[in-house]
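Below is one structure; the comments refer to it alone.
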Amino acid sequence: MLEQIFISDDAVRDPAKSAHSPIRNFFRGKTVFLTGGTGFLGKLFIEKLLQCEVREIVLLIRSKRGRTPRERLQRQLEREPIYTQYSRNADFYWSKLRIMEGALEQEELGLSEVDIDYLRTHVEIVIHSAADVRFDLSLKASFRTNVFGAKQLVNIALGMRKLISFLYISTAYSNCIQEVVEEKFYDTDVDPEEMMRVVEAIDEEQLDTLSRKIIQPWPNTYTYAKAQAEGVFRKYCNRLPVVLVRPSIIISTLEDPIEGWTDNIYGLNGVITGIGSGVLRILHLNADYCVDVVPADLAVNACLATIWYTASQSPIEVDGNERVFNCISRKDNPFTYRDVRSFSVEFRGKIPALQTLWFPTVTFIESATLHWFLQLFYHFIPAILFDVFAKLSGREAKILFLYRKVQQFADALEFFTTNQWTFTNNRMRKVYESMSEDDKECFPADVKLVKWADFMHIYVLGLRKYILKEDMNNLEQALRKFRMLKIAHYSVLTVVYTLITLVAFLLLRTFWTNFVSHYLSG
């Protein structure tokens, strides 16, 4: 009865699709254990799996900030607009969701014996979506979540009697030290389990001193830890039905369950938001490099399709390489930073944000030295002037602090904006091509079909609405502010260029006068 109440948008458009969807039929009635259910992708997995009419989704959730796991999940279901049916039928959601309190960095995930026994008895599919994606995390903290957590989950999965698929969501940049990233496992510099023991044995302060040397040539602890986690799963490919999907940069949704939804400012989300709000005005990158992005709903659909595809195939070779899939866009549908800038310029005057600090404009600089120098004029000197003005008018001076945060964010991205990779995705393309026509509509996953010009309009609107918390009701007010900032921006440029021209003229005139007096008059 409850299953009949929950009707997806796809089913509303064509009820026959649900019955003729091999992927939906595969997931129907199954029990799924999902980690990271309170994270960005995890939230989308919950909604999509419910559309697939799974029997149950078991969620690993920790207590946080004084809220119990159930309170956190209830707050999520009530506040996030992607749960399109929750306000009409909350009972359906709660009948399908089972919460287990625990955390990745704890032994046996912090689960009770009763919970572990339940997982081993009932779970058929594991989706390991949880990760700490912060680039500036200490090596010990990143290992505890991303590597130790993976190993604890593997230990429990080894006892799951009904397990048919174990999906691990990695990142296309886990092997960013390679120029070409193929759909295969890569050798790690050390055994990941041995590395875990080393990391745990060393004092955290001492480890922080050594971490830069340990992780080289990886650019940060996150990508290094993800590479080590892949090593954990590689070791158990002959004992577990592991499926490894490596998405590139995941951005907002394209359309499912709603357009343009996101809940974070990582990666390109932060870049576009920073540019659109007039805060981020200079970036160190090559404008002709591709920014390899995948809309979040397409990434989720690709993961579910990959689970279905691998579970439907004949037994997979023991070395596990047939279980690795790169979910990327550059090869099939390239999108450059130059495109990002042109679309940002196009939409800045149509749907500006009211919270814009200054007229939105961005300059891309390839030279590291020039970028460092120009930061003074594009970011820090304006920030100081804004703060001086704020203090004189009796307000809090906080723009310089904001720009320091912006610079930390830009510095963290610099490795990825100044390097280019080639990702292969032949195996993932086989997944797309094996999907039925109904599944291609119910589970759109092929980035090749995305029209970036159309998507960018959805994307900018989504960032405006879900990150800056602005709706279209303030558009007229935002447009008026935009026009004022445009006048101010070009007025300042006119004054600056006039002064530069005047100074250059005076210097040139002085030089010419001295030249004439010393060399020509004599």
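Placed from the backbone N, Cα and C atoms, the Cβ positions cover glycine too.
Under the heading domain 'Thioester reductase (TE)', TrEMBL lists 34-302.
Per-residue confidence over the domain 'Fatty acyl-CoA reductase C-terminal' (378-470) averages 92 (mean pLDDT, predicted model). According to TrEMBL, the feature domain 'Fatty acyl-CoA reductase C-terminal' maps to 378-470.
The transmembrane segment feature in TrEMBL is assigned to 370-390 (among others). Tertiary proximity for the transmembrane segment (370-390) is limited to same-chain residues at least six positions away from its ends with a CB under 8 Å from its CB atoms, namely 281-284, 357-358, 363, 396-400, 402-403, 406-407.
Feature annotation from TrEMBL assigns transmembrane segment to 490-512 (among others). Packing against the transmembrane segment (490-512) from elsewhere in the chain are residues 359: each is 6 or more residues past its ends and has a CB under 8 Å from a CB in it.
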